[in-house]
Each structure stands twice: as structure tokens, then as C-alpha cells.
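Asks: Below are the features I grabbed from Swiss-Prot:
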{"type": "BINDING", "residues": "Gly8, Arg9, Ser10, Gly11, Ser12, Gly13, Lys14, Ser15", "note": "ATP binding site"}
{"type": "BINDING", "residues": "Asp56, Val57, Arg58, Asn59", "note": "GTP binding site"}
Amino acid sequence: MKLIIISGRSGSGKSIVLRSLEDLGYYCVDNIPVNLLPTLTHTVADEYDQVAVSIDVRNLPKDPNELVEILDYLPSTWEMTILYLDASDDVLIKRFSETRRLHPLSKQNKSLSGAIQAESQLLAPIAERADLYIDTDQLSIHQLAELVRERILGKKSSRLVLVFESFGFKHGIPKDADYVFDARFLPNPHWEPDLKPLTGLDSPVEIFLGSQPIVTKFIWQIQNLISTWLPHLERNNRSYVTIAIGCTGGQHRSVYVVEMLAKTFSTSHPDVQIRHRELNR
């Protein structure tokens, strides 16, 4: 049985995620008080094998220790995943301004900016327990729904999921990355006229980068690092590890390196996922 707990700051996309899971067959409950969570799970345990609930700042206990006790009281037979959504303060302010919605904490005589910052502190206990963190800054509604399907429903087992993500430094480092590697020192296909319009998924770019000893060594050293520490990460009960590879624009070098790493680890690891952030823009 699976239980997905969705939380995050207001405006980060919790409702979108919940609707996506409902479309995929999950029994969904929106904004349930945390102290009712054990009752809900015990009630539906015999009727549903996939349940998703969203929890916002209004439904958290004041004592962080109480939250831990409630989560620990949930049925041990359930496979629980805590998904935490977030976005930058500027993006959240923009979203509230566009929708003209009131922030849940605005009734406490706080400015919108102050309410957003206060919410971050109040949600810290559940954010710290999150198995999966998703930054929705640059995601459309459809991209967020697809990412959730990929990250959660794409899991093939209870083992740790390796996520390899390419990105461009000029667009910012992914906030959900556990490890970040800089590939900007590698030979750049951008300066080759025939390769410039292509991506790291195209054969000519693969041949160009694959023939460079420095590229091969870079990939091998990342493989060695991840392989060395992967058993320790698994023993730590991690659900996801995101390895982000960045180049300038996220089009050639980082894409190629991610593809090579994913290809290598997929032969020995049951759950490997790929995301090319800039190619999906």
C-alpha cells in the first residue's frame, strides 16, 4: 500500500499534484488536519491501496515533536513518501499577485512577503522529513504533473531512485540537486558550426564528446564517486538522489554526460531516471 503526503508552501503547486494523482487512481484528500491522518489511513487501509493527502500550514500541530509522533504512528505496512513542493519567494509573490488569492497566514496581519517567509519556518519540520523535494519555479502546470508522474509513479521498487539531471548554469542550479558537477570546462560543441544547433542526444555530438579523453575521465570519476557512496546512501533510507550535471546552456555537454551516466548505472540499478531541464523548456 502506498501513501503520498504532499506539503509545501502555498502557491507551490500542491493542488496540481493532488489532481494529477487523483487522475492516476489515487484516493485523494485535500488539506487534512495532521492529527486525523492516522484515523484516515486506518479507515481506508482495507479499501484503497493508493492514497494521497495534502497538508498545508494551517493543519500542522504547533509542536514539531507531535508531527513526528503522528507520522510514526501510521501503519508500518504502508509505503510512505513525503513530497515537498517549493518555489522562490519572488515566484510565490508573483503567483499570489496574479491570482489575487489571500495567503493562509495573511490574516495574522502579515504582509504577503512576511507570510511567505513565516510559512517556510512553520513547514520546516515536514520539509526536513521529505523524501522528494520539487522546485516548481520554472515548471508549468503540465510539466509539474509530468514530473510527479515520472518521479513517484515511475518508481519500480522500494530501492533508492537515481535521478540524473542536466541543466544550464545560466538558468540557475536545480534546487533539488543532491550533487552538482560542473562540465563547463569540457570541450564545447557550441563552437563547432555543425554541432551548434544539435543537442547532446544527437549522434554527431556524442561522437565529438566521446572522442575527448577529458570527457571520458570526467564521466568515469563521477561514476566512481557515486558507485563508492551509493551503498551508504541506500542504507540511510534515502528514496531519491539527484545528480545534476551543468554546462553553460544545458544543451550539449551536460546532456551527453547525463546520458552516459544513466546508461552505465541502469545496468546495475533498478531505478534510474533522466531529466534534461533545458531541453524540456
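Just so you know, glycine gets a Cβ as well, placed from its N, Cα and C.
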Asks: For Arg58 (GTP binding site), what is the secondary structure state per DSSP, taken as helix, strand or coil?
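Replies: In the DSSP reduction, Arg58 (GTP binding site) maps to helix.
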Asks: Let me know the DSSP-derived helix, strand or coil state of Gly8 (ATP binding site), please.
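Replies: Where Gly8 (ATP binding site) sits, the three-state DSSP reduction gives strand.
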Asks: Please report the Cα separation of Asn59 (GTP binding site) and Gly8 (ATP binding site) in Å, rounded to an integer.
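Replies: Here the two Cα atoms are 12 Å apart.
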Asks: Between the Cα atoms of Asp56 (GTP binding site) and Gly8 (ATP binding site), find the distance and write it as a whole number of Å.
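Replies: That separation, Cα to Cα, works out to 7 Å.
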Asks: Per DSSP, Ser15 (ATP binding site) is which: helix, strand or coil?
Replies: helix
Asks: Within its own chain, what residues at least 6 apart in sequence put their Cβ under 8 Å from the Cβ of Gly13 (ATP binding site), listed in sequence order?
Replies: Leu85, Ala87, Ile134, Thr136, Leu139, Ile141, Leu144
Asks: If you count, for each of the binding-site residues Ser12, Ser15, Asn59, the other Cβ atoms lying within 10 Å of its Cβ, which residue has the minimum?
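Replies: Ranked by other Cβ atoms within 10 Å, the binding-site residues Ser12, Ser15, Asn59 bottom out at Ser15.
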Asks: How many Å lie between the Cα of Arg9 (ATP binding site) and the Cα of Val57 (GTP binding site)?
Replies: 8
Asks: Counting across all protein chains present, how many other Cβ atoms fall within 10 Å of the Cβ of Arg9 (ATP binding site)?
Replies: 26
Asks: Excluding Asp56, Val57, Arg58, Asn59, please set out which residues of the same chain place their CB within 8 Å of the center of the CB atoms of the GTP site, keeping sequence order.
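Replies: In sequence order, the nearby non-listed residues are Asn31, Ile55, Leu60, Pro104.
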Asks: In the same chain, which residues outside the set Gly8, Arg9, Ser10, Gly11, Ser12, Gly13, Lys14, Ser15 have their CB within 8 A of the centroid of the CB atoms that define the ATP site?
Replies: Asp56, Leu85, Asp86, Ala87, Thr136
Asks: How big is the Cα-to-Cα gap, in Å, between Gly8 (ATP binding site) and Val57 (GTP binding site)?
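Replies: Cα-Cα, rounded: 8 Å.
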Asks: Could you check which of the binding-site residues (Ser10, Gly11, Ser12, Lys14, Ser15) sits closest to Val57 (GTP binding site), going Cα to Cα?
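Replies: Going through Ser10, Gly11, Ser12, Lys14, Ser15 one by one, the Cα closest to that of Val57 (GTP binding site) is Ser10.
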